[in-house]
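Positions annotated as transmembrane segment by TrEMBL: 31-51, 57-77, 98-116, 136-158, 170-190, 210-230, 289-308, 343-364, 385-405, 411-435, 447-470.
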Amino acid sequence: MESEIYDGAPSHNLPPLTLRNMPEAVPLRKMVGPSIIIVGAALGTGEYVVWPYVTSQVGFSLLWLAFLGITVQFFMNMEIERYTLATGETAIVGFSRFWKPWGMIFVVLALLQNMWPAWATSGATALTFLIGGGNVTLISIIILVTCGLALSLSPIIYKTVEKAQFVKVGLVLTFLVIAIISAISATSWLDLPGEAIGSVGRLPGSDILSPSLLIGAIAAAGAGGVINLVQSNWIRDKGYGIGAYIPRLPSPITGEDEAKPATGFMMRQDAKNLARWKKWWKNANIEQFISFWMIALFTIVVFSLLAYSTVYDQNVVTKANFDFIKYEGEVLQEVVGTWFGNLFWLMGVVTMFFVSLAVIDLTSRIGADVLKTVFLTNDTRFTEGRIYLAFVWGIIVMGSIILLLGFNQPLLLVFVNTSINGIATLIASVLLIQLNRKALPKAIRVNGFRFGMMIFTVLFFSVFAFLLVFDQARTLFGG
C-alpha cells in the first residue's frame with residue numbers, strides 16, 4: 001500500500017513526512033528520564049559554578065533572572081518536544097527542512113559551545129582541592145577519555161546516559177538536603193525573599209558583572225542553547241510519541257548499528273490519534289515541569305544560599321576564576337566541619353564528570369543526527385553510530401589540545417561556553433516558532449499562551465544578546 005504523505009512540512013531538502021498512527025501513551029512513570037538528563041547536564045555550569053559565583057558578587061539580587069531563565073526554557077523545551085512527539089524528527093532536522101544550512105550551523109554552535117573542556121577542568125580542579133594538589137591538565141584529559149570509553153562501549157547509549165544522570169541528580173539532591181540541614185545560615189534564608197523579590201527588574205552595572213557573564217548566567221539557569229535542542233534526541237530514544245518508530249542510537253562497537261537516516265513521520269489527525277496526542281502532551285509537560293523546572297530552580301537557589309552563607313561580601317573572590325569554590329570549601333570546613341568541605345569538593349568532582357559525559361554525548365548526537373539525516377541520507381558507509389563515535393573522540397581530542405595549550409582555567413572556559421549558549425538559545429527560540437507554526441497541523445501547532453511565551457523568550461534573550469554584543473564592541477573599540 002502506498003504511504004500517505006503529509007504535505008504541510010517543507011520537503012525540498014528532506015523526504016516528505018508520511019503519516020503514522022500515534023502510539024498509545026505510556027504511563028508517566030515510564031516517561032521519566034529525558035528531563036533528568038537535561039537537568040543533569042545543567043547541574044554543573046549553572047548551579048555549582050556560575051550562579052554561586054554571581055551570588056558571591058551581588059547576593060540574591062539576580063535570582064529573579066534565574067527564575068525567568070528556567071521558566072522560559074521550560075516552554076522552549078516543550079516546543080522542542082512538541083515537534084518530536086508529533087514527527088519523531090529532531091527539532092534541528094526540522095529547521096533544516098526550511099533551510100538546509102541550519103543543521104550545520106547548529107553543529108558548529110554545538111562544537112563552539114562544548115569543545116571547551118570546562119566541566120572536565122572544573123572537576124579536575126575540585127579534585128586537586130580535595131586531595132591537596134595534582135596536575136589539572138592530566139586529570140582533565142583522564143576525565144575526557146573515561147567519558148569517551150563509557151559512551152563508546154554502551155550498547156544503547158541513551159540508557160547509559162540516563163542511568164548516569166539519575167545517579168548524579170540523586171547525589172546532588174542528597175548533598176543539598178545535607179547542606180540545608182548543616183550549612184546554610186538562618187540569616188541567608190531570611191535575606192533570600194526580600195532581596196530576590198525586591199531586586200526584580202534591576203541589573204547591576206557592567207563594572208560589577210560584565211554583560212557576557214550576565215547572559216551566560218541566564219543561559220546557564222537550566223540548560224540553554226544546544227543542550228535544550230538535544231531534548232529531541234533524548235525523548236526520541238526514550239520512545240515518546242512518533243519517536244517510537246525511529247531506531248535508537250546504538251554504539252557501532254557493541255550495539256546493532258543501522259545505516260538508515262532518522263527522518264520522521266507525521267501523526268494522523270483523526271480523533272483517535274489526537275486523543276492519544278493529548279495524553280502524551282500532558283504527561284510530557286508534567287515530566288518536564290517536575291524533572292527540569294523544579295529541580296533546576298531548587299538546585300540554583302540552594303547552591304546560591306550556600307555561597308551566600310560562606311563567601312558573599314567577603315572581598316576574597318574578585319576575579320572570574322575557581323578561587324571562590326576553593327574558598328567556599330575551606331569556609332565550610334571551618335564552619336561545619338572538614339567532612340562537609342571535602343564533601344562539597346567531592347560533589348564538584350562527581351557533578352562535573354557526569355556533566356562532561358552528558359555534554360560529549362549531546363554534542364555528538366547533534367552532529368551525527370544532522371550529518372546522517374540531512375547530508376549523508378543515502379550513504380550506507382556512514383551510519384549514525386559511526387558518525388557519533390567520530391564526534392565523541394574528535395571532541396575529546398580537541399578538548400585535550402585546548403588543555404595542552406594551557407587553557408585550563410575552569411571558570412573562564414565556563415563563561416566562554418555560556419556566552420555562546422545564550423546566543424544559540426536566542427536563534428533556536430526564533431526557529432522553533434517558525435517550525436511549530438508552519439510545519440505542524442493546526443490542531444497541534446503552538447498557539448495562544450504558549451505562542452506568547454515563545455515570543456517573550458525571543459525578546460528575553462534578545463535583550464541580553466544585545467548587551468553581550470555591545471559589551472564586546474565597547475571592549476574592542478575602547479569605548
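Using N, Cα and C of the backbone, Cβ positions are placed for all residues, glycine too.
Note that TrEMBL annotation is computational and uncurated.
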* Structure fact -> Given 136-158, 170-190, 343-364, 385-405, 447-470, the one sharing the most C-beta pairs under 8 Å with the transmembrane segment (57-77) is 447-470
* Asked: Short question: which residues 6 or more past the ends of the transmembrane segment (98-116) have a Cβ under 8 Å from it?
  -> 10, 13, 92, 225-226, 229, 359-360, 362-363, 366-367, 370-371, 373-375, 395, 398-399, 402, 407, 413, 416-417, 420-421, 423-424, 427-428, 431, 434-435, 438-439
* **Range from 31-51, 136-158, 289-308, 385-405 with the greatest count of C-beta pairs under 8 A to the transmembrane segment (170-190)** => 289-308
* Sequence-remote contacts (6 or more beyond its ends) of the transmembrane segment (289-308), Cβ cut-off under 8 Å? -> 32, 34-36, 38-39, 42-43, 46-48, 51-56, 59-60, 63, 66-67, 70-71, 73-74, 77, 169, 172-173, 176, 179-180, 183-184, 188-189, 191-192, 221-223, 324, 328, 332, 344
* Between the transmembrane segment (136-158) and the stretches 31-51, 385-405, 447-470, work out which stretch tops the count of Cβ pairs under 8 Å. => 385-405
